[in-house]
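Okay, so here's the structure we're looking at.
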């Protein structure tokens, strides 16, 4: 699939703006964002006016806009990096591509800039293969195919719900690892896309992700978070939890999730030691979350994404709520998210 074959009217690019001056960011992405509709969501705590260069088809949402859409009491859900979720909420397009404002286009091993938007759409348009692992990675990629022994009955694949891209430079590490390995950088460009196997868990990150909003939009849920989380961080509990919810719901509904290409280049940001001081509680919560998701089975009656999120929230409150109040708050946030999703989209 080439850029000429992509229906740009089906794609929204969502950018959570934590920096007021987006000139350098958008200029670097102009060759790949041109012609697409952009949703820029301003961090509600950012006081400065946004600086956006001309030549983009863009809608900007501020704290005032959030309050008009979801109410003042609910706008607190969208602080810091969580502001990107507001973009997911108000979009009306089939596909969402989310890229953080501290990222620029990466270069492939040949020195060419990577068109992350096109690669994400290619990943989403082609089926996923979560039920039988293809050792040649994505069999739908150019130059690849199904390996020896791959069942013909499974070669049609399943719909792809999400494309989880990667990034170079600032490595995708948690705070303890980054604090110990302060000079560690990701320089490995792996030219591959693969489907995450069914029943396997993974974190996601809005730093570089795309998803089919029509298939799984409500599953991208801002829920489990720590006090003060959402600004500059290595380990963001909300992203990790969201990924586990998205993957479990995708497995339940028969969808697939891909990871690998495209890469972006992530600039330096944050302090790992400071992040560790704030977020070590989150690591303990994750140790409780993994066995929960491992044993969780959603009811067969949950046929819609919204139903799955509600059932998941119910299980979280019943099975994890007594362990930590953060889980109870997460369950309540998941229910609230579905209510907001239904309200905003029913009024469209």
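Heads up, the Cβ atoms here are built off N, Cα and C, so glycines get one too.
Feature annotation from Swiss-Prot assigns N-linked glycosylation site to 148. Other C-beta atoms found within 10 angstroms of the C-beta of residue 148 (N-linked glycosylation site) number 6, with every protein chain shown included.
The site 'Required for activity' annotation in Swiss-Prot covers 148 (among others).
The site 'Required for activity' annotation in Swiss-Prot covers 155 (among others). Secondary structure from DSSP puts residue 155 (site 'Required for activity') in coil.
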For this session: Between residue 148 (N-linked glycosylation site) and residue 155 (site 'Required for activity'), find the distance joining the two CA atoms and give it rounded to the nearest Å.
Result: 12
Problem set entry | Spatial neighbours of residue 155 (site 'Required for activity') that are distant in sequence (at least 6 apart) but have CB under 8 A | 139, 146
Seminar exercise, completed: Mapped onto three states, the DSSP assignment of residue 148 (N-linked glycosylation site) reads coil
